[in-house]
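According to TrEMBL:
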BINDING   40-68, 103-104, N108, T134, K284  NAD(+) binding site
DOMAIN    42-200  domain '6-phosphogluconate dehydrogenase NADP-binding'
DOMAIN    203-329  domain '3-hydroxyisobutyrate dehydrogenase-like NAD-binding'
ACT_SITE  K209  active site
Amino acid sequence: MAASLRLRGAASGLRYWSRRQQPAAASLAAVCSRSMASKTPVGFIGLGNMGNPMAKNLMKHGYPLIIYDVFPDACKEFQDAGEQVVSSPADVAEKADRIITMLPTNNNAIEAYSGANGILKKVKKGSLLIDSSTIDPTVSKELAKEVEKMGAVFMDAPVSGGVGAARSGNLTFMVGGVEEEFAAAQELLGCMGSNVVYCGAVGTGQAAKICNNMLLAISMIGTAEAMNLGIRLGLDPKLLAKILNMSSGRCWSSDTYNPVPGVMDGVPSANNYQGGFGTTLMAKDLGLAQDSATNTKSPIPLGSQAHQIYRMMCAKGYSKKDFSSVFQFLREEENF
């Protein structure tokens with residue numbers, strides 16, 4: 001069993017961790033590791049826009065990596081840096097007893113764990129498997145059952161914060177699973193995020209993420225609508241953003257990730273909506289929210305409308321653009 005799993009009793013009852021809560025004198029190494037003995041190899045599967053910088057932050061904290069991605073080119077820079085690249089998720093499980101997966105969809109996650117060359121083919125007893133994908137909570141629960149049968153531990157730990165936070169190591173992780181294993185997960189997740197929150201049983205991390213992203217989509221559409229209306233009424237976009245951000249309409253979409261080109265630097269709207277969080281992925285997450293709402297008989301009229309808008313965007317050529325391109329979509333769809 002991984003050394004980290006033997007730490008389970010140390011944080012029993014601990015439900016929330018934030019790097020900001022650490023003493024000022026504490027070094028990153030002290031925050032993110034118990035000892036050099038715990039720096040055994042960590043498996044990482046999925047090196048996309050989010051997985052790539054997450055894996056790099058583990059490297060920065062001294063963790064050797066066992067890497068796999070379905071696209072070999074995604075592994076090249078890690079291989080060049082001396083990390084070990086293998087040919088399947090099963091091979092990752094054979095070489096590492098702590099594995100993080102970061103994958104786009106339900107099917108990708110199922111294939112990585114349960115497929116012909118999946119993790120479960122060679123997983124070792126006592127292994128800790130952390131899935132940071134955003135998938136259906138019911139899928140997380142099913143994967144957890146399969147993992148448990150193999151004598152290993154599964155935790156869902158989706159993230160919030162986007163590519164910028166992934167690069168800076170300031171993600172928020174929403175963790176679901178056996179509480180006694182939270183300390184073991186926290187050791188790794190704390191190297192990639194500034195907030196690691198225990199949410200409850202397996203699936204609750206996904207539930208929190210789905211709710212967050214539904215709200216994010218709604219607020220981004222609202223910000224885009226408000227900015228577009230103000231511009232058409234003659235307001236300067238930078239002035240309007242300034243007013244919104246000192247008023248009650250302020251939100252993350254307006255003050256940190258503004259969708260209007262020229263208002264902010266360092267965001268996708270300043271780069272023709274390249275990079276960031278893709279419209280296709282937002283549509284997928286809103287579909288998960290819609291399914292969960294149907295299953296729980298929860299009314300989400302704004303969430304449902306947001307889902308339809310992002311689906312239309314995908315059909316009209318916005319699928320590979322950042323989700324903040326909803327501003328551009330609204331500008332071009334005058335008869336919407």
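Note that Cβ sites are derived from N, Cα and C of the backbone, with glycine treated the same way.
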K60 (NAD(+) binding site) to K209 (active site), Cα to Cα, whole Å, comes out at 26
What is the number of other Cβ atoms found within 10 Å of the Cβ of K209 (active site)?
-> 28
What is the number of residues in the domain '3-hydroxyisobutyrate dehydrogenase-like NAD-binding' (203-329) that are helix, strand and coil, as DSSP sees it?
-> 85 helix, 2 strand, 40 coil
In angstrom units, rounded to an integer, how far apart are the Cα atoms of L65 (NAD(+) binding site) and K209 (active site)?
-> 26
Confidence summary for the domain '6-phosphogluconate dehydrogenase NADP-binding' (42-200), mean pLDDT rounded = 96
Cα-Cα, I45 (NAD(+) binding site) versus K209 (active site), nearest Å, comes out at 20
Taking the Cα atoms as reference points, how far is A55 (NAD(+) binding site) from the residue listed as 'active site' in Å?
-> 20
Counting other CB atoms within 10 Å of each candidate's CB, the least crowded of the binding-site residues I45, A55, L65 is L65
Under 8 Å by Cβ from M50 (NAD(+) binding site), same chain, sequence gap 6 or more | M102, S132, V159, V163, A166
